[in-house]
Amino acid sequence: MSHELVKRHKMSNPMDGHSFFRIPPFFYMHVVDQTTNVTSVETGPQNLPCEGTRRCPPPSHPNGHGTIEKDRFGQIKLSHGDEEIRLQRDPFPLYPGEKLKVEVTPLTIVHSSSALLLKVIRNFTDEDKTERVAGDLYLFEGPGTYFPRKEVEVVKTITATVIHENEALKLSAARETLDRSGCKRVAGEEWLVRKPGAYLPLAQGLWIL
């Protein structure tokens, strides 16, 4: 998919000197009715007559806001202050009041023996019906593709530590939690992991010393 899902229409080509604008396919235009002060979105392909009461400002970068709902004046409703992450889909326009926060970026591939440390910034229930509370930390373990959520931010990437023969890994619990073996650990507790192999802390609050 193109990094520019829906291109801007610069409105520099009025048709035959009249107040018409050619909107090509995959372009769009914001139109302000100066009588009602309502801004609408016109998408191509079409020839748009720009009447005396309508003004055609250039649009911003595209994003999207899902199902369109309008108020009694015909103005499109927005969830002010909210954010949305969109994955691959058909091209879409940016509705009045929306802004593109981040350009289109590739999804993060998490390799084997590594994980993403994630921090919850607002409460939500994940796909496994687990309740996530703001402030919680948890891991997305590889191998896999990480699909971002607006309720979560990526803190960092963690790589497994390899424990060789006659070696041990010292861990400390920053808060009450469970270790990878299922043992309950209290805040401040320290212990050793002696089993050879790659070790990746499973629960939140485990720190390698």
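Cβ from N, Cα, C; glycine included.
Because TrEMBL annotations are produced automatically, they should be read as predictions rather than curated entries.
Among the features that TrEMBL reports, domain 'Major vault protein repeat' is placed at 65-104 (among others). For the domain 'Major vault protein repeat' (65-104), the predicted model reports an average pLDDT of 73.
Counting only same-chain residues 6+ beyond the ends of the domain 'Major vault protein repeat' (109-149), those with a CB under 8 A from a CB of the stretch are 85, 87, 155-160, 198, 200-202, 204-205. Marked as domain 'Major vault protein repeat' by TrEMBL: 109-149 (among others).
Among the features that TrEMBL reports, domain 'Major vault protein repeat' is placed at 161-201 (among others).
Taken from TrEMBL, the feature repeat 'MVP' covers 49-111 (among others).
The repeat 'MVP' annotation in TrEMBL covers 112-164 (among others).
Residues or ranges marked as repeat 'MVP' by TrEMBL: 165-201 (among others).
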